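Features reported for this protein in TrEMBL:
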type	residues	note
DOMAIN	3-120	domain 'Phosphotransferase system enzyme I N-terminal'
DOMAIN	147-216	domain 'PEP-utilising enzyme mobile'
ACT_SITE	H183	active site, tele-phosphohistidine intermediate
DOMAIN	251-531	domain 'PEP-utilising enzyme C-terminal'
BINDING	R290, R326, N448, D449, R459	phosphoenolpyruvate binding site
BINDING	E425, D449	Mg(2+) binding site
ACT_SITE	C496	active site, proton donor
Amino acid sequence: MIGKSASPGFAYGKIVILEDVFEKVVSKTSTDIDHELSEFERISKIVVSELEELSKNATTEDQTAIFEAHSMLAADPSFKKDIVKLINEKSLVLSCAVKETALSFMAKFEALDDDYFKERALDIKDVASRFLTKALNINSSSLRQLDNDVVLIAKDITPSQTAQIDKDKVRAFITEVGGITSHTAIIARTLEIPAIVGARGILESAANASVVAIDGLKAEIFLDPSNDLLEKWDRHIEDDTKYKEMLFKYIDAESVTEDGHQLSVLANISSVEDTEAVLKNGGEGIGLLRTEFLFMEHKTAPSEESQFEFYKKIALAMGDRPVTIRTLDIGGDKEVDYLGLDPEDNPFLGYRAIRICLDREDLFKPQLRAILRASDYGNLKIMFPMIATHNEIIKAKEILETCKKELHAENISFDPDIKIGIMIEIPAAAVMSDVLAEEVDFFSIGTNDLIQYTIAVDRMNDKLSNLYSYFDPSVIRLINMTIEGANKAGIPVGMCGSMASELQLTELLIGLGLDSFSVTSGSILSVRKNIIIANKDECHKLVPSVLAAKDKEEVLKIFSF
Ligand code: PEP
Ligand code: MG
């Protein structure tokens, strides 16, 4: 079976299908009440002892506490009493009785305006799901309760679910939907977990299998693989580890081409924890901090204070190294319920990112103030996403100026010369780059969006992924135009879209005149290695033929080696 590569690497493990088992419950009455009741007793015992076992074997205090609480819930007399009552009084089959009881318990907790109780509602759902997988006899699990060495299989995994994945337990994941630059795929690469997306039919084929092996780069999936294949995979995993060890010789090296041109390799992150992997991999700074995940993790917008703490921690972790903080880029595949945004027919072309922020100063100003305050603790830069027009930059800068004035009046220190940049990810901005460059201190090219808008191909749609290509000459021409625009105004230009880590293109990007690459931490050393062995004059010679290419196949021919 095959899907699309989202994150490279070899892995295998026990299959865990992530699905909402609540959706599998069909409303039904039973003709054999005694059977439902005795099944309930039998399954209750299994669930409680399973949870006790999990809590005994848990490796952290947090896990122990979760499993203890879950086993108490599973044995809770009022929970059990309600299930029995529904079976006796309404003749419901066991699965329906469990689902109805869980939903009514969850509703009570959810009605309380408190994050702690809302979490308890999720606990009830987890415990009830355990009952349901047994009552319905299906192989399914929840992200919050995983064994070791598992491969997750799901229709889709949302970006916030991906962020909850425990890297020590999950060997890989596979989804039915999604494209290679969906945010789910991007997080998989940040976590350095092999992943395949767009694997149509995987849920059905995996339903009766127990183990799966994947090749994340070739996007190949092997259900219930032979021992021979697993041995081969062990060798590949060992080779990958050796390759990574070899790359470590570049850890302290400078990102300078063979003929002496200084570049830099930065990292894309979305959390404080991510800085650890960046430093471990020799990252020279942060080229993109995706702040929207901070907003997605919460039930309400994070306050100025909590954002300040978040940015300050990252600034301190990175010391003198630059940290580029991108302002809220919500919308598209990144949803935030509490913003109360109306559903749209074309969310990627809709009300998102800077368009929301310019409208909603109640969201934008606390973020800008928090970044400014944190700029006193490190080398911070501000970057605005989804800029389409000159006027948007002017307005964003005006709001930033107001924030600076306010902080100044409040005697709060910040870096008054903080650098301001924009993402070039809309073709309009690339075309107008010479004009826009006059207003800012740097550009960063966001190829993930630039490609989808240039070729009019939804980055999430796996049916169109043959059109979505880093090698499309239309995209490369826009990148060239952006760099020329930046050069005219004398400002640096980096790239933080996933194209920056496409190793076949490092030379071309150097030849076009890119100053910095911002990639996931796992790609830092391989990009640096490519820079060190490159000669900029030679790289430049590649440019005319690429710009003259008539389609991506012609470009691919130039770079296939
Ligand atoms: C991009 O569009 O290339 C980018 C880096 O931003 P995001 O992937 O978060 O949209
Ligand atoms: Mg983008």
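Each residue, glycine too, has its Cβ placed from N, Cα and C.
Cα spacing between R459 (phosphoenolpyruvate binding site) and E425 (Mg(2+) binding site): 13 Å, rounded to the nearest whole number.
R290 (phosphoenolpyruvate binding site) falls within a strand segment according to DSSP. Listed binding-site residues near the residue listed as 'active site, proton donor': N448 (candidates R290, R326, N448, D449; Cα-Cα distance within 10 Å). Summary for the binding-site residues R290, R326, R459: the Cβ-based neighbour count within 10 Å is maximal at R326. Using Cα positions, the member of the binding-site residues R290, R326, N448, D449 nearest to E425 (Mg(2+) binding site) is identified as D449. Around D449 (phosphoenolpyruvate binding site), the C-beta neighbours below 8 angstroms that are at least 6 residues distant in the chain are F348, M386, M423, E425, I426, R459, G497.
All protein chains shown were included, and the count of other CB atoms within 10 Å of the CB of C496 (active site, proton donor) stands at 27. In the three-state DSSP classification, N448 (phosphoenolpyruvate binding site) falls within a helix.
Using a 10 Å Cβ-Cβ cutoff, E425 (Mg(2+) binding site) registers 26 neighbours.
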